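Trainee: Here it is, the structure in full.
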Amino acid sequence: MAVPTGSANLFLRPLILAVLSFLLLSSFVSSVEWLDIDSSDLKALQVIETELGVNSQRSSASDVNPCGRRGVFCERRHSATTGEYVLRVTRLVYRSRSLTGTISPVIGMLSELKELTLSNNQLVNAVPVDILSCKQLEVLDLRKNRFSGQIPGNFSSLSRLRILDLSSNKLSGNLNFLKNLRNLENLSVANNLFSGKIPEQIVSFHNLRFFDFSGNRYLEGPAPVMSSIKLQTSPHQTRHILAETPTSSPTNKPNNSTTSKAPKGAPKPGKLKKKKKKSKKKKVAAWILGFVVGAIGGTISGFVFSVLFKLIIQAIRGSEKPPGPSIFSPLIKKAEDLAFLENEEALASLEIIGRGGCGEVFKAELPGSNGKIIAVKKVIQPPKDADELTDEDSKFLNKKMRQIRSEINTVGHIRHRNLLPLLAHVSRPECHYLVYEYMEKGSLQDILTDVQAGNQELMWPARHKIALGIAAGLEYLHMDHNPRIIHRDLKPANVLLDDDMEARISDFGLAKAMPDAVTHITTSHVAGTVGYIAPEFYQTHKFTDKCDIYSFGVILGILVIGKLPSDEFFQHTDEMSLIKWMRNIITSENPSLAIDPKLMDQGFDEQMLLVLKIACYCTLDDPKQRPNSKDVRTMLSQIKH
């Protein structure tokens, strides 16, 4: 049956364009989903998931895009081989999946892997030595499984590890593999079969906020420094990629079996026969065209609907475009001055002046400010796995983000000569950028380290000035600001010094504003840093202003003694801690033994002993007996040179 040429051309042109558009769109989507994924990662992932037992839980439909699967997260990386960008597997999160397999040695092929979370399964056998090839690994969470055997001896080569949880398994051997993991923040090896002594090096891990060695009956001796800590980690939250929404493809099925009859008494066709045949052909062509166009239109509509549906879900789950920057200082004239924080290449070119649990601190020149230098602190805020988000979770996260912005807004408007001013805040889905004034002298911890190494001098008048400045800043936060702000992590690393050696307390208000950020607190909402935490916190888990006073007392002791709580010196004393050693020396026949030898015989011994007594007063075990920040500032101000 022929279709009239004119009509066919009229209808087929838009049809051909629609088909071509659909095919181009399909090929584009396919290239995004497949062509940019690193082939070696794909092969490794296939083996890893098979041996873990993940594949048995997955339908064939989920194999379309490995980076869109539940638990598999990828990031763009530049390939040195091809010179192009590829997707690399950076996180594998298979918690609570009832897995009963093993970790494949192929895990070592994932050279960009930053997180491996397999908690709460029934996985068995040993942790393969091949995991040592994952040099980028930062999070290893294997708790609540049935792993056995010993941890590989060269485990310390995973120097980037921040979170290590091996608890509730059947692992054995000694703990020497922990010796050089100096970037650890959260550590738990509880409820295993480990034996031997706990490595003394752990006390020098400055980033360590939390550790748990309990439940290992064969371990010998106490835990270093803070042997009473018995905390439990909570699941480490990770970044996510929203799962693909299935595309629907409705089709239309027109009824083309209709017939017509001539009215009774109507004339016979005669000369109208050819016209009727042409009319019939047009109707058939229209029916066929309608069927094809309807089918293709339905398919395209279904595809578009699925994309829109996905975008709506992302918006509901808090993945909407982040708000613009909050600016708190006239130094930053417009939001565009902070646009470089959205540029990965621009950030990569900045000088890194510090690294910690929260991420990195960059030194940058503020655009349009005639050379004004700023410090940009990146605070990691990993979002929850999209597959685990419920509607209630989404509402909670949205409320939480509003609360974070509100808290930071409060901090941004605080101004005091002994508090480091926050200039701006830029929020991103997975991190926060906090912009501060740049302090060229660095932190008190940096200076004390240089002094101890003999590279710098810090005489007593300068130390007293620093102590008085910290006390004044605390007094403002505790007594003068409404609402009261408790620092929660006061330590030398959070005290910066300006050009006049005036103390500036940093990071105040952040521990409350961002409790899930991996900054100065653990994921179980435990605040502070080992060596500076008030003893009552381990019983009450409540942080008060008297906890800040305790931390300040430790800093006063450091300024006089010249040693940090993590110094090996205290490990060779009977007291095993700075505070206990300080108390015993100050009540001994010769309290001057507590004074830093670099400060002796300069005529300030009496003043330093007075400050040491104030330090003991601030670190009393009973928080009710400790002074408040105003009393401390008053006592220090009465000590004259």
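The backbone N, Cα and C atoms fix where each Cβ goes, and this holds for glycine too.
Feature table excerpt (Swiss-Prot):
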type     : residues                                                                       : note
REPEAT   : 136-159                                                                        : repeat 'LRR 2'
CARBOHYD : Asn154                                                                         : N-linked glycosylation site
CARBOHYD : Asn186                                                                         : N-linked glycosylation site
COMPBIAS : 245-259                                                                        : compositional bias 'Polar residues'
CARBOHYD : Asn256                                                                         : N-linked glycosylation site
BINDING  : Ile353, Gly354, Arg355, Gly356, Gly357, Cys358, Gly359, Glu360, Val361, Lys377 : ATP binding site
Trainee: Closest to Asn186 (N-linked glycosylation site): which of the binding-site residues Ile353, Arg355, Val361, going by Cα position?
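Mentor: Closest candidate to Asn186 (N-linked glycosylation site), judged by Cα separation, is Arg355.
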Trainee: I'd like the per-state residue tally for the repeat 'LRR 2' (136-159) from DSSP, helix first, then strand, then coil.
Mentor: 3 helix, 8 strand, 13 coil
Trainee: Can you tell me how many other Cβ atoms are located within 10 Å of the Cβ belonging to Ile353 (ATP binding site)?
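Mentor: Around the Cβ of Ile353 (ATP binding site), 17 other Cβ atoms lie within 10 Å.
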Trainee: By the DSSP assignment reduced to helix, strand and coil, which category contains Val361 (ATP binding site)?
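Mentor: Strand, per DSSP.
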Trainee: Specify the count of other C-beta atoms within 10 Å of the C-beta of Arg355 (ATP binding site).
Mentor: 12
Trainee: Which of Asn154, Asn186, Val361 (the recorded positions) has the most other Cβ atoms within 10 Å?
Mentor: Asn186
Trainee: Between Val361 (ATP binding site) and Asn154 (N-linked glycosylation site), how far is it from one CA atom to the other, in Å?
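Mentor: Checking the Cα atoms of Val361 (ATP binding site) and Asn154 (N-linked glycosylation site) gives a distance of 30 Å.
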